[in-house]
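Written below as structure tokens is the structure these notes are about.
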Amino acid sequence: MGDRCAPDTTENGPHMGVIGPAAADPTEHSGIINSESDLGVTTRLYKRRWMIVFLFSSYSLINAYQWIQYAIISNIIMKFYKVEAFAVDWLSMVYMLTYIPFIFPVTWLLDIKGLRVTALIANALNCAGTWIKVASAKPSLFWVTMLGQFMSSFAQVFILGMPSRLASVWFGANEVSTACSIGVFGNQLGIAIGFLVPPILVPNVDDMDELAHHISIMFYISAGMATAILVLVVIVFQEKPEIPPSQAQAQARNMQPDEYSYTASILSLLRNKPFMLLVVSYGLNVGCFYAISTLLNRMIIEHYPGEEVNAGRIGLTIVIAGMAGSLICGIWLDKTKTYKQTTLAVYILSLTGMLAYTFTLNLGHLWVVFITAGVLGFFMTGYLPLGFEYAVELTYPESEGTSSGLLNCSAQIFGIIFTIAQGKIMDYWGTLAGNIFLCIFLLIGTVVTGFIKSDLRRQKANQQVEVQTVSVSTTVCVT
């Protein structure tokens, strides 16, 4: 009889089993039925999830800033430390190289120990790296600055795989793509600041003492910010909410520890053909971005001598446009769930932007370079969160950290290959040939993306629960 389905008197439905601090915490929440047991299970969205994701973005920012802070003033660093361009390139590529051997043990640690332990280690390493670099502001101490950069690059291994995991643990099913975009946003903003600030803080002067002073100031600013963020992480950063935010996360929590095997998870991902195609296409796209970022100063200086500051501004334009692209793509995915269509469209537009940048760089008009670089950045950098979230959809219920780690590992490998290869091509045949080299691989990546079969497993899990919830409610009403 229909009258037995009386409306709930509370605004957001029942909240079962909420006791202790969780009940008092300001929340946004909803009730849901567990698909396996048909028992009422409460899901809840805590307002502090925004504080957690923005804190993560902050320490991702300071780490990403350090990645590009040398490369964007490479000619000045070469002069100060009296080293070759290839040595300065390695100050950027060490971030890529360090990631490859350490990603699997770090991903295992993320799966076993969780978000808080991973965040604490990342910030401790990052802080140590910045203070080591403070001690390296002398022309004879290039090895010390490389050591500090290695420590920061090691911290990056604990950071890059976290956005999708943090989004899944803290955010609802209709927020995960947006939350992941915010996590990636911090990394992109750090790169943007890394492009903009070093050319301003470190002018191209001939006096070595004055130059050492400017470099020292740059290092002290990084160290101070890293230290402050470390303190905040220790005080504020939490492992997970008391009550899961989504049914997919509730199911993940119900998995018994002895049901999970890290090795089995890796093997399962390697046998997942759509995911492996995504690994290749993601690596090609992001590897191209790494190469462009590392070599941007050399590209601009070749065609526009003395424009170190504008080289930084062009890099800033690429990343700021990419941040806008990331947020727009994240919101679009949450609304439409069109993962393959969006990923393929953004990939094609990345290739188009790269072609435009390639063939306008040598025209002699910086304003044209700013425009084409912005278009390139909007789509190429905007692709980053798309890859993360598409991977989680294709691999659910495998660990988000593991899938993200494999994507990033691919990106680092291709980044090193492309940076070295493009650098050598530029040395012998110029920037045009080097950029055409990247365009060819973006075309290959576009074709590979087109062959990915879109199997949205996480969406199916959430939809299955919604259908069963409606079915159980209808049964209660009829009874």
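Glycine too: its Cβ is placed from the backbone N, Cα and C atoms.
As recorded in TrEMBL:
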TRANSMEM  50-70  transmembrane segment
DOMAIN    52-457  domain 'Major facilitator superfamily (MFS) profile'
TRANSMEM  90-110  transmembrane segment
TRANSMEM  141-164  transmembrane segment
TRANSMEM  217-237  transmembrane segment
TRANSMEM  275-293  transmembrane segment
TRANSMEM  313-332  transmembrane segment
TRANSMEM  344-360  transmembrane segment
TRANSMEM  366-386  transmembrane segment
TRANSMEM  406-426  transmembrane segment
TRANSMEM  432-452  transmembrane segment
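When each of 50-70, 90-110, 275-293, 313-332 is checked for Cβ pairs under 8 Å to the transmembrane segment (432-452), 275-293 comes out on top.
Same-chain residues lying 6 or more positions outside the transmembrane segment (90-110) and placing a CB less than 8 Å from one of its CB atoms are 67-68, 70-71, 77, 117-118, 121, 145-146, 149-150, 152-154, 156-158, 160-162, 165, 262, 266, 290, 293-294, 399, 401-402, 405-406, 408-409, 411-413, 415-416, 419-420. Annotation: stretch 50-70 has the most Cβ pairs under 8 Å to the transmembrane segment (217-237), among 50-70, 366-386, 406-426.
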